Amino acid sequence: MISTIPAGLWTLLSAVTGLLTVASVIGHMLRRRYSPQGDNEVVENLNQRIRSWWIMAVLLGIALLGGRTAVVLLFAFASFSALREFISLVQARQSDHWALALVFFVVLPVQYLFVWQQYYGMFSIFIPVYAFLLLPVVSALRGDSHGYLVRISEVQWALMICVFCVSHVPALLSLEIPGFEGRNVLLIAFLIVVVQLSDVLQYVWGKLLGSHPIAPNLSPSKTVEGFIGGVASATLIGGGLAWMTPFSFLQAAALALMIALLGFAGGLVMSAIKRDRGIKDWGHLIEGHGGFIDRLDSVVFSAPIFFHVVRYFWSVV
Amino acid sequence: MIRQWMASLTAVAVRMVARLITTARPVWQGLEPLPGQRIYFANHASHGDFVLIWMTLPPRLRRRARPVAGADYWRSSGLKRFLIHDVFHGVLIERVPDPNGENPLDVMNAALDAGDSLILFPEGTRNTTDQPLQAFRSGIYRLARAHPEVELVPVWIDNLNRVLPKGEVVPIPLLCSVIYGEPLVLQHQESREAFLERARASLLALSSAHGGEKDD
């Protein structure tokens, strides 16, 4: 597989390393200036986030260099962790125990096996057809109808968000784009870089200029200024990344705009769920960021649609 | 030698599996994780309860923290004996009074006399009721009387009962927290009933006290 590492990936990884180095230096300077005793929460959180970014970037970089199996394993693990966070919040009862065991130990591995096999006919319908029909049956067999509709719907949504949607990131490797053979990892890199930079830039623009909350009831930290600034800059950056994709500048910018808007929508939907359940973060494993879903929420919404748009307009399978 | 080596290896494996399933996060709400002799008393809803306390303690506290466990269960096979003695360094007590066996209080007192800490479930048996916490047995009061120098730390184990409900065999991965509360001290002339109720209330107070502010 080593021979198939596309040159563009090295360029991109170097750029990401440079960007994170700059971020670390800025974080270090802010700390010396405003938080020498480690008592300024905003600065401490920023530095935690940057440290976590390093870890996430290194893991993703290794997976992308490692090839299909490594990428599938990384996202299967991310799905597992996200699912663990989501299922912790649902109102499942003991009668759902077998359904939940199936979700974790059968549905998730089988979905990623199909993705690994690049078996489009199955990974695109296995969860919405087979899992969604089978799991309510398993729950019903225990004969407990208390809150039944809510219980089965929550489990289905957990699977949809944490497994089905996330698995469409490694599924990008199955597309066959003429003239782009062997370089599909760059589609993953394009999606992740655009969606995460859009998140970061919305945060930065919001902190610099933000004054009008965009969804005060769901997410007080999101502002109109942050949204416009972040999405616009992510669109430009996406266009600037056209060199590593099969897209022209305008196509790449349009796709980046779509990704950024969907990413924003994902963050909004996941915030609404957090509000509903009275929590601030989905988990605690990614220092400074919260849980896996806190970091994946924007990827979750953009990945399947990016996959299908690229498949429809560019792929031959 | 080989037994000791296998015990360390098993301990690492148990911690890895438990972390994968529960992520077992300690929340130090009422005390700092500093060395000291303590009785950690916790709610008991699952077989894995003591494992979560044992693994969330920092290593130097973990080495001296011995779970109190039922002898009838843990002596029933060689593997269980290896786990409870070599891996967890448990203190085994007879749950059914046995005139020929050792008095449970003597066994626990001996461990405290030796300078060890205890992990204790004062409800006695696993809680399978709808109540969050059953009534406490009196053993913890007598230990507190005999060892006034030992801190009594309430520890609330959150969510583990949903990971492996009674009668199920496959654990469901869910986030669990282990919340360490403020240590209790037995008051001068405090009655047994009053102390047990106070201890129970201090544990119950941790169960709903860890919700974060929402702002994101």
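Heads up, the Cβ atoms here are built off N, Cα and C, so glycines get one too.
TrEMBL annotations: computationally assigned, not manually curated.
What TrEMBL lists as transmembrane segment is A:7-30 (among others).
Among the features that TrEMBL reports, transmembrane segment is placed at A:50-77 (among others). Note on the transmembrane segment (A:50-77): residues 1, 4-5, 9, 13, 16-17, 20, 23-24, 27, 108-109, 112, 115-116, 166-167, 169-170, 173, 185, 188-189, 192, 286-289, 295 of its chain, located 6 or more positions outside it, place their CB under 8 angstroms from a CB of the stretch.
Annotation source TrEMBL lists transmembrane segment at A:98-116 (among others). Note on the transmembrane segment (A:98-116): residues 68-69, 72, 75-76, 79-80, 83-84, 87, 92, 122-123, 126-127, 131, 134-136, 138-139, 142, 152, 155, 158-159, 163-164, 167, 170-171, 174 of its chain, located 6 or more positions outside it, place their CB under 8 angstroms from a CB of the stretch.
Under the heading transmembrane segment, TrEMBL lists A:122-143 (among others). Long-range neighbours of the transmembrane segment (A:122-143) within the same chain, counting only residues 6 or more positions beyond its ends whose Cβ lies under 8 Å from a Cβ of the stretch, are 95-96, 98-99, 102-103, 107, 110-111, 114-115, 151-152, 155-156, 159-160, 163-164, 167, 171.
Same-chain residues lying 6 or more positions outside the transmembrane segment (A:155-173) and placing a CB less than 8 Å from one of its CB atoms are 68, 71-72, 74-76, 78-79, 82-83, 85-87, 90, 92, 96, 99-100, 103, 107-108, 111-112, 115-116, 118, 120, 123, 127-128, 131-132, 135, 139, 184-185, 187-188, 191-192, 270, 293, 296, 299-301, 303-304, 306-307, 310. Per TrEMBL, transmembrane segment is recorded for A:155-173 (among others).
Sequence-distant contacts of the transmembrane segment (A:185-205) (same chain, at least 6 residues past either end, Cβ-Cβ under 8 Å): 6, 8-9, 12, 16, 60, 64, 67, 71, 169-170, 172-173, 175, 221-222, 225-231, 233-234, 237-238, 241, 244-245, 252, 256, 259-260, 263-264, 267, 298-299, 302-303, 306, 310. Among the features that TrEMBL reports, transmembrane segment is placed at A:185-205 (among others).
Taken from TrEMBL, the feature transmembrane segment covers A:249-270 (among others). If you look at the transmembrane segment (A:249-270), the same-chain residues 6 or more away from its ends with a CB under 8 A from one of its CBs are 161, 190-191, 194-195, 198-199, 202, 215, 218-219, 222, 227, 230-231, 234-242, 282, 293-294, 297-302, 305-306, 309-310.
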